[in-house]
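Take this structure first; my questions come after.
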């Protein structure tokens, strides 16, 4: 990789050397696209958008369960360690790439066109996730509307969707307290409401025969996409204002649920169950892997959302400070959500007379079965149910804004002349296409397809993308050069901590996660349903497709160059001639070349087009590159 970094230092820079064959058309490089691309209207827009993107549904329904099953309070030790080793450095790397270049996940690979396939893989992953994520928002909308009643519909048995196994677990009292119930032989009204009414899963014969479309879910999904479209209609200028509400209001609701939860009888029992340290769990590698997975997915690294949001920043936005605010805020929110969830579960376990571990679940089972059942035990249950699902709605929408903005930005940056003036129309077409592709999720067996997408769309493929990104930036482009870019942007170079993580610790951690996910692979399942072999194969191919986009992109990049294979690799790995800050005023240092007698420095590629070749002695960029190479040689000695 070092040879690839230094290959371009051996020749004087000429237009033919800097331009790929596809770049050699008659293009006016003086055109400035930064102004009409748009920016955040304020620094707080970006910060709240990042908080809303990271603080999502997983903070409520995954972290608390993961914590209590992996050592309780002891889980926080590997959690914060993995945050420091993997989460914060990768978060900062992705923000730095986006802000420095003002480009989306595809165009940002001007940094090294050889790896543009990683950007395409990001888009595939985020597209698949956006399809099923909005279905979860549709479920939330369904429950939100169902909460607008005097009595919650999942509170009692006796409805047409209930079976003879339905039992209202009210905790029958004995003289000394609560009689324990055998929950394994009965089904709660909330569980039958979810599976038999909302999903109507009994109408499906499996993933291969999903049954009919549920019109109520179909309408909820349509409403979810309409909301998303309206919020991203004007890009970050509209979504940046919506997040002032959607990123902050969940904290108010979470605080209300927390206060209500801790005042319930039995709440302390649930909190103890959640946070009592069990340090012997730290001896298990599984706990450390689970902590790393939680960090990796909760921060949204590798989906392109962080890169996209940062690309709309001004060049000198302090993303170093923002990185710590968002990542630590995300961690604290997860812990607080655990208190709100387990305080209510403790109350529920006391009312039912069963241990907390019999009522605690993760994922949709917590959001759509257990917590709704707990709400029925509270006074003013529709009010608390509405608040809970409204919180989930706002948490989900923030993340969905990022997913859609990532796709729209990536494609419009690739075709700015055609799509940027019609960005709103293009956004609408994307929403319509994804709504149509998501209709299979509204069928009786739609949950099976949702589980398949959730298990495979962003699994090992996402890890491969992030590892590739990390290595391409730090090893091929060069850690010294990348740190100089950050210095130009922020006024300081990242220290030893970030360099060590980018070069060694973060890739090693991700590689361990990748190996673990492959070795510990388990077939998908939903309840007692086991997926057929063809569905498992489809899921694996889904994950492999994103991985295969990386070598496919390399092949395309190499074929576009000329010369021998090694020369093509050198040229394809070299930064594109127009790589750098988008605004001419920010092109300083290695991105400016001053000709003898010139009164005003111009961007390097403008000089190359107007004045021809520049020898290495007159080229500031090449002098800086040589200085970088010398520093790297000294560090190796």
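Each residue, glycine too, has its Cβ placed from N, Cα and C.
According to Swiss-Prot, the protein has these features:
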type     : residues : note
TOPO_DOM : 1-45     : topological domain 'Cytoplasmic'
MOD_RES  : 20       : phosphothreonine
TRANSMEM : 46-66    : transmembrane segment
TRANSMEM : 74-93    : transmembrane segment
TRANSMEM : 117-137  : transmembrane segment
TOPO_DOM : 138-214  : topological domain 'Extracellular'
CARBOHYD : 182      : N-linked glycosylation site
TRANSMEM : 215-233  : transmembrane segment
TRANSMEM : 242-259  : transmembrane segment
TRANSMEM : 295-312  : transmembrane segment
TRANSMEM : 324-345  : transmembrane segment
TRANSMEM : 378-397  : transmembrane segment
TRANSMEM : 425-443  : transmembrane segment
TRANSMEM : 459-479  : transmembrane segment
TRANSMEM : 500-519  : transmembrane segment
TRANSMEM : 538-556  : transmembrane segment
TOPO_DOM : 557-637  : topological domain 'Cytoplasmic'
MOD_RES  : 588      : phosphothreonine
MOD_RES  : 591      : phosphotyrosine
Three or more CB pairs closer than 8 Å, sequence separation of 6 or more: does that hold for the transmembrane segment (295-312) against the transmembrane segment (425-443)?
no
Does the transmembrane segment (242-259) reach the transmembrane segment (74-93), going by 3 or more CB pairs under 8 Å (6 or more apart in sequence)?
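No, the transmembrane segment (242-259) and the transmembrane segment (74-93) are not in contact.
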Could you tell me whether the transmembrane segment (459-479) and the transmembrane segment (538-556) are in contact, taking contact to mean 3+ Cβ pairs under 8 Å with a sequence separation of 6 or more?
yes
Do you know which of the modified residues 588, 591 has the most other C-beta atoms within 10 angstroms of its C-beta?
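Top count of Cβ atoms within 10 Å goes to 591.
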Before we move on, state whether the transmembrane segment (324-345) and the transmembrane segment (500-519) share at least 3 Cβ pairs under 8 Å, counting only pairs 6 or more apart in sequence.
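Output no: the transmembrane segment (324-345) is apart from the transmembrane segment (500-519).
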Same-chain Cβ contacts of the transmembrane segment (117-137) under 8 Å, 6 or more residues past its ends?
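Contacts of the transmembrane segment (117-137) (Cβ under 8 Å, skipping residues fewer than 6 from its ends): 57, 105-109, 221, 224-225, 228, 302-305, 364, 393, 396-397, 399-400, 403-404, 406-407, 410-411, 434, 437-438, 441-442, 446, 449-450, 453-454, 457-458, 461-462, 464-465, 468-469, 472, 542, 545-547, 549-554, 556.
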How does the model score the topological domain 'Cytoplasmic' (1-45) in terms of mean pLDDT?
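Taking every residue in the topological domain 'Cytoplasmic' (1-45) and averaging pLDDT yields 52.
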Where, among 46-66, 215-233, 500-519, do we find the most CB pairs under 8 A to the transmembrane segment (378-397)?
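So the stretch in question is 46-66.
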Using DSSP with the three-state reduction, classify the residue listed as 'phosphotyrosine' as helix, strand or coil.
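Its secondary structure by DSSP: helix.
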Quick test of the contact rule: Cβ under 8 Å, at least six residues beyond the ends. What residues does that give for the transmembrane segment (46-66)?
40, 75, 136, 236, 239-240, 243-244, 246-248, 250, 274, 290, 294, 297-300, 305-306, 309-310, 312-313, 317, 322, 325-327, 329-330, 333-335, 337-338, 341-342, 360-364, 366-367, 391-392, 395-399, 401-402
Please give the sequence-distant neighbours of the transmembrane segment (459-479): residues at least 6 beyond its ends with Cβ less than 8 Å from one of its Cβ atoms.
1, 4-5, 90, 93-94, 97, 111-112, 114-115, 118, 121-122, 125, 296, 301-303, 499, 502-503, 506-507, 510-511, 513-514, 517-518, 542-547, 550, 573, 575, 628, 632
